[in-house]
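**Q** Below is one structure. I have some questions about it.
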Amino acid sequence: MDMGLREMCVGEKRTVIIPPHLGYGEAGVDGEVPGSAVLVFDIELLELVAGLPEGYMFIWNGEVSPNLFEEIDKDGNGEVLLEEFSEYIHAQVASGKGKLAPGFDAELIVKNMFTNQDRNGDGKVTAEEFKLKDQEAKQDEL
């Protein structure tokens, strides 16, 4: 598929044919794709969305607040639950202050971000656990 989409322009329509050896092979997928199937895709490129740097699923567009944890912790109890975290990240994306990786499940990205911050796995993030990616890199250098 990658080869078939190379150098495609916005508004362009293209038929991509994938032979069995580049698709599902002789075996196919039981009950879904017959063996030795030739895959044919009619594609129209409607929009080209820039991705994120390698290794990132979320980026900030601009400066990050120095009081980020406090902003996420809406109820001020010193702990951020997944619901608070998710609402905050989605609000940042909606306002253009943040960007999630296009083409991926947004809820899954946010859940993974939260899980990465919840270092002790107790279902909540404290200020001590909370670190941005660049802060983690500095700590690793020590």
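One-based numbering along the chain as shown.
In case you wondered, yes, glycine gets a Cβ from its N, Cα and C as well.
From Swiss-Prot, here are the annotated features:
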- ASP118, ASN120, ASP122, LYS124, GLU129: Ca(2+) binding site (BINDING)
- 1-49: domain 'PPIase FKBP-type' (DOMAIN)
- 60-95: domain 'EF-hand 1' (DOMAIN)
- 105-140: domain 'EF-hand 2' (DOMAIN)
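Describe each of these features in terms of where it is and what it packs against.
**A** Cβ neighbour count for GLU129 (Ca(2+) binding site): 16 (other Cβ atoms within 10 Å of its Cβ, all protein chains included).
Counted with DSSP, the domain 'PPIase FKBP-type' (1-49) comes out as 7 helix, 14 strand, 28 coil.
Per DSSP, the secondary structure of the domain 'EF-hand 1' (60-95) breaks down as 18 helix, 4 strand, 14 coil.
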**Q** For the Ca(2+) site given as ASP118, ASN120, ASP122, LYS124, GLU129, which other residues of the same chain have their Cβ within 8 Å of the site's Cβ centre?
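**A** Those within range, site residues removed, are GLN117, ARG119, GLY121, GLY123, VAL125, THR126.
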**Q** What does DSSP assign LYS124 (Ca(2+) binding site), in three states?
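**A** Its secondary structure by DSSP: strand.
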**Q** To see if you understand the setup: which same-chain residues, six or more apart in sequence, place their Cβ under 8 Å from that of ASP118 (Ca(2+) binding site)?
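**A** Same-chain residues close to ASP118 (Ca(2+) binding site) (Cβ under 8 Å, separated by 6 or more) are LYS124, VAL125, GLU129.
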**Q** Where does the mean pLDDT land for the domain 'EF-hand 2' (105-140)?
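**A** Mean pLDDT for the domain 'EF-hand 2' (105-140): 85.
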